[in-house]
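Encoded as structure tokens, the structure appears first; notes follow it.
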Amino acid sequence: MAIERTLSIIKPDAVAKNVIGKIYDRFESAGLKIVASKMAHLSQNEAEQFYGVHKDRPFFKDLVSFMISGPVMIQVLQGEGAIAKNRDLMGATDPKKAEKGTIRADFADSIDANAVHGSDAPETAAVEVAFFFPGMNVFNR
């Protein structure tokens, strides 16, 4: 498997629960390195741009409203098979369907307030990383 980078966002619900460190521990325990990170409070424009792929979906407005409801923690994870590994750590989008021990099963409340976002493919990972960390804000470790 190749070394990959993927974007991860700890969403407002998980930030409010003060579980950033617990989630970071899961990334690192799984062999993922955090090569860039920042806390931000997304503007409506940023959230709309980032989730633009969903703009025609019925949940788009609620998603944007949720993502701007409080600060988020944004990080780039790097490691062998980082995209799939992060998605396994996150668990199913709906925490009720997520396997026990996954981030969403342990820290999410609903399909809307589901604790984390993770890139789903190498192409989207590259776009998402560049969206939040343009240029030289990501470092090899």
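Heads up, the Cβ atoms here are built off N, Cα and C, so glycines get one too.
Listed in Swiss-Prot:
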ACT_SITE  His117  active site, pros-phosphohistidine intermediate
BINDING   Lys11, Phe59, Arg87, Thr93, Arg104, Asn114  ATP binding site
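Counted over every protein chain shown, other Cβ atoms within 10 Å are most numerous around Asn114 among the binding-site residues Thr93, Asn114. Neighbours of Arg104 (ATP binding site), defined as other CB atoms within 10 A of its CB across all chains, total 24. Secondary structure at His117 (active site, pros-phosphohistidine intermediate), as computed by DSSP, is strand. Rounded to a whole number, the distance between the Cα atoms of His117 (active site, pros-phosphohistidine intermediate) and Arg104 (ATP binding site) is 10 Å.
For Arg87 (ATP binding site) paired with His117 (active site, pros-phosphohistidine intermediate), the C-alpha to C-alpha distance reads 9 Å. Using a 10 Å Cβ-Cβ cutoff, the residue listed as 'active site, pros-phosphohistidine intermediate' registers 21 neighbours. Around the Cβ of Lys11 (ATP binding site), 23 further Cβ atoms fall within 10 Å across all displayed protein chains. There are 18 other CB atoms within 10 A of the CB of Arg87 (ATP binding site), with all protein chains counted. For the binding site of ATP, formed by Lys11, Phe59, Arg87, Thr93, Arg104, Asn114 according to the record, the largest Cα to Cα distance is 21 Å, rounded to a whole number. Around Phe59 (ATP binding site), taking its Cβ as the centre, 12 other Cβ atoms fall within 10 Å, counting all chains.
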